[in-house]
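Asker: Take a look at the following structure, please.
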Amino acid sequence: MADPEDPRDAGDVLGDDSFPLSSLANLFEVEDTPSPAEPSRGPPGAVDGKQNLRMKFHGAFRKGPPKPMELLESTIYESSVVPAPKKAPMDSLFDYGTYRQHPSENKRWRRRVVEKPVAGTKGPAPNPPPILKVFNRPILFDIVSRGSPDGLEGLLSFLLTHKKRLTDEEFREPSTGKTCLPKALLNLSAGRNDTIPILLDIAEKTGNMREFINSPFRDVYYRGQTALHIAIERRCKHYVELLVEKGADVHAQARGRFFQPKDEGGYFYFGELPLSLAACTNQPHIVHYLTENGHKQADLRRQDSRGNTVLHALVAIADNTRENTKFVTKMYDLLLIKCAKLFPDTNLEALLNNDGLSPLMMAAKTGKIGIFQHIIRREIADEDVRHLSRKFKDWAYGPVYSSLYDLSSLDTCGEEVSVLEILVYNSKIENRHEMLAVEPINELLRDKWRKFGAVSFYISVVSYLCAMIIFTLIAYYRPMEGPPPYPYTTTIDYLRLAGEIITLLTGILFFFSNIKDLFMKKCPGVNSFFIDGSFQLLYFIYSVLVIVTAGLYLGGVEAYLAVMVFALVLGWMNALYFTRGLKLTGTYSIMIQKILFKDLFRFLLVYLLFMIGYASALVSLLNPCPSSESCSEDHSNCTLPTYPSCRDSQTFSTFLLDLFKLTIGMGDLEMLESAKYPGVFIILLVTYIILTFVLLLNMLIALMGETVGQVSKESKHIWKLQWATTILDIERSFPLFLRRVFRSGEMVTVGKGTDGTPDRRWCFRVDEVNWSHWNQNLGIISEDPGKSDTYQYYGFSHTVGRLRRDRWSTVVPRVVELNKSCPTEDVVVPLGTMGTAEARERRHGQTPSSPL
């Protein structure tokens with residue numbers, strides 16, 4: 001009998017028919033099968049391995065090709081196995097047991113297995129050939145999501161064997177086109193994912209490195225986003241450097257719906273470019289790397305699909321909070337200075353977007369007061385880029401200094417759209433009254449008022465009143481006999497003719513001046529028509545009525561009188577426009593505007609519905625009037641009853657007037673006698689009076705009181721805005737040469753340009769005092785405070801025109817006065833026409849006094 005432990009007949013096992021098929025299961029085990037060097041596991045381990053094998057590959061080796069939905073729904077795979085070629089049904093991974101004919105046969109086989117080997121017999125079976133692992137999108141995405149580099153073993157062999165790449169459609173997310181690289185970047189652990197370098201190495205070996213790195217999202221929501229965008233958003237500089245070194249596109253544009261402004265349905269607009277994303281997320285270290293790396297540098301002058309540069313993007317994300325304004329302004333200066341050093345011939349701040357807006361104009365249009373104030377008051381001490389400053393100190397003496405503000409883009413003198421016009425004429429800017437109080441805007445408006453605004457305004461008041469008096473006289477003393485046009489024979493007739501000509505000319509003048517403002521420049525929306533452009537709209541209607549009146553008069557139509565009286569009423573109402581010149585009456589006109597276009601409009605809309613509904617019901621209760629046939633020819637004195645005794649064809653319109661009289665308490669109930677059901681008629685009338693006279697009228701009074709209260713609280717700001725509008729209206733009415741004559745400011749040489757030539761700019765001077773920072777004024781132009789003749793800077797001698805000679809004599813008394821009661825905080829007080837009390841009131845949040 002053979003020795004049970006003698007393995008001599010081991011060679012016969014391979015050819016034995018009773019060889020168990022379950023012993024081949026170890027060929028498919030990857031992670032759980034020990035290496036040959038490891039000791040063999042006992043029977044419990046083998047049983048556990050079979051159990052795990054069933055759980056791992058449950059459903060993985062079904063007959064036939066897998067269904068697509070099964071691949072999509074699969075999420076976790078412990079091991080990846082390539083299905084072998086079509087096999088027989090018994091070639092299964094599951095252990096169904098060994099086929100045995102008789103128990104003794106099994107016993108005999110076991111004794112032969114352990115017999116001692118015989119010399120020259122066949123050795124053990126060689127190691128099985130390596131099995132190629134299979135990878136698909138769910139498996140690959142799961143591996144990179146877990147950050148398991150071991151799971152990527154065999155991926156390169158699989159791709160090379162099947163001639164595939166990681167950018168193929170089978171490895172992309174169907175809905176977004178996302179590859180495994182963005183998936184890995186979106187699943188970082190402590191800022192790292194060890195599968196990313198392996199994926200890049202595999203892509204490089206398969207020959208599609210750039211395509212793999214720059215593969216964008218293709219869905220509508222995230223279209224254009226690349227792995228570089230995600231690495232920047234995740235604030236991973238090491239991966240940003242790795243991607244750029246491998247060839248990432250530093251100018252890729254993310255244009256999906258998610259990356260659009262909020263008012264267009266988006267969530268976060270950052271300017272589409274990777275550099276803009278780094279700037280808008282406050283990552284200066286990445287900004288420095290993208291613009292200074294030795295592989296591919298990002299161009300600071302690059303614009304997105306809207307034409308916005310990185311500076312526009314910073315303005316777009318500003319929200320006027322302290323934290324946001326602090327980092328936005330710091331990043332803004334960083335990029336501006338960096339661009340000036342990298343591209344000396346380009347002023348990044350002067351580039352316009354597709355809407356024709358610079359970053360400064362965009363800040364004004366969107367009401368970003370924090371970044372707006374920073375731009376117009378920017379002062380740079382670095383001599384190499386000092387030409388980027390918009391504020392220059394002319395002289396300083398202790399806490400007092402005189403500053404020169406660059407007026408480029410602020411006040412363009414009609415040559416192009418200015419920031420001042422954007423602030424005044426754009427009603428969508430909710431905080432524009434605050435932005436108008438920022439220096440030098442505030443002092444600039446005062447200077448315009450002193451130079452030409454006040455005189456022109458009062459001349460306009462007198463001229464308009466004279467024109468309206470003439471219009472009233474020609475309407476009152478018009479001829480009563482004969483059809484128009486009336487003859488001109490006497491001196492009075494010729495005076496009337498002169499008055500008619502003057503009235504017609506004023507109508508034509510108002511027509512052309514206001515049609516330009518309404519439909520070309522000032523009023524882009526309906527709200528602007530009825531709020532900011534209310535008087536322009538009324539003047540336009542008045543001019544149309546005057547022109548129509550003249551046409552009907554010359555055409556011999558007597559109905560010209562009906563049109564003329566409407567024009568006369570509207571003309572006198574338009575005189576309220578000139579109440580803007582004084583604070584006392586200016587606030588009153590604003591109250592009237594808001595009540596008319598807000599409260600009264602809503603009241604009339606509801607009241608009209610009530611009146612039509614009740615009139616229809618009440619008229620239906622009246623008995624119809626008898627027809628004219630009821631009076632026979634024998635009754636010559638027969639008279640037909642009419643309203644209010646009965647209902648005829650004119651009853652509805654007459655009844656509407658009666659209901660209005662009831663609303664104001666002047667009506668009667670004569671029609672009650674002719675009602676078919678007097679009780680129902682009385683009930684309807686009582687409910688109508690309650691709803692209109694008691695409810696609606698009192699609601700109107702309450703709303704009007706609320707509006708008056710709101711206007712009173714903001715009367716200073718609202719009136720100042722109207723005052724600024726009046727100044728610009730007067731300036732825009734001047735021809736271009738007069739605008740240049742009355743332009744505020746002075747031409748000053750503030751230093752040297754980038755090419756070494758004198759940097760001459762049109763600046764506006766504002767005297768200020770700062771009690772916290774003394775002797776810290778860098779870059780002062782003039783050594784002698786208050787000197788107005790000449791000054792030296794960079795070796796150039798310049799003459800300053802139109803500089804006030806008595807400036808120093810007015811500054812010193814103000815400083816002495818301020819020194820009596822000065823707060824300890826950092827206070828900058830403009831020393832123009834603004835008083836000391838106004839400066840303190842602004843600092844403590846109170847309403848300052850009138851600038852006039």
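Cβ coordinates come from backbone N, Cα and C, glycine included.
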Asker: For the feature motif 'Selectivity filter' as recorded in Swiss-Prot, pick the matching range from 489-492, 665-668, 789-792.
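Answerer: The listed stretch tagged motif 'Selectivity filter' in Swiss-Prot is 665-668.
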Asker: Consult Swiss-Prot and decide if GLY556 and ARG765 are found on one and the same side of the membrane.
Answerer: no
Asker: Express the predicted model's confidence over the topological domain 'Cytoplasmic' (580-594) as a mean pLDDT, rounded to an integer.
Answerer: 77
Asker: Counting every protein chain present, what is the number of Cβ atoms, excluding its own, within 10 Å of the Cβ of GLY224 (ATP binding site)?
Answerer: 16
Asker: Can you tell me which parts of the same chain pack against the transmembrane segment (559-579), counting only residues 6+ beyond its ends and a CB-CB cutoff under 8 A?
Answerer: 457, 460-461, 464-465, 468, 471-472, 475, 478, 484, 535, 538-539, 541-542, 545-546, 548-549, 552-553, 585-586, 588-589, 592
Asker: Any residues 6+ beyond the ends of the transmembrane segment (494-520) with a Cβ under 8 Å from its own?
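Answerer: Here the qualifying positions are 467, 470-471, 473-474, 477-478, 488, 529, 533, 536-537, 539-540, 542-547, 550, 553, 729, 732-733.
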Asker: Give the residue counts of the topological domain 'Cytoplasmic' (580-594) per reduced DSSP state, in the order helix, strand, coil.
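Answerer: Across the topological domain 'Cytoplasmic' (580-594), DSSP assigns the residues as follows: 14 helix, 0 strand, 1 coil.
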Asker: CB neighbours of TYR222 (ATP binding site) within 10 A?
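Answerer: I get 21 for this one.
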Asker: Which secondary structure state does DSSP assign to LYS183 (ATP binding site), in the simple three-class scheme?
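Answerer: For LYS183 (ATP binding site) - judged by DSSP and reduced to three states - the answer is helix.
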Asker: Checking distant contacts: for the transmembrane segment (456-476), what same-chain residues at least six beyond its ends satisfy Cβ-Cβ under 8 A?
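Answerer: Apart from its flanks, the transmembrane segment (456-476) reaches 496, 499-500, 502-503, 506, 564-565, 567-568, 571-572, 575, 578, 581, 726, 730.
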Asker: Would you please pick out, from the binding-site residues ASN187, GLN225, the one with the fewest other Cβ atoms within 10 Å of its Cβ?
Answerer: ASN187
Asker: When neighbour density is defined as the number of other C-beta atoms within 10 angstroms of a residue's C-beta, which of the binding-site residues LYS178, ARG223 has the lowest density?
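Answerer: Relative to the other binding-site residues in LYS178, ARG223, ARG223 has the fewest Cβ atoms within 10 Å.
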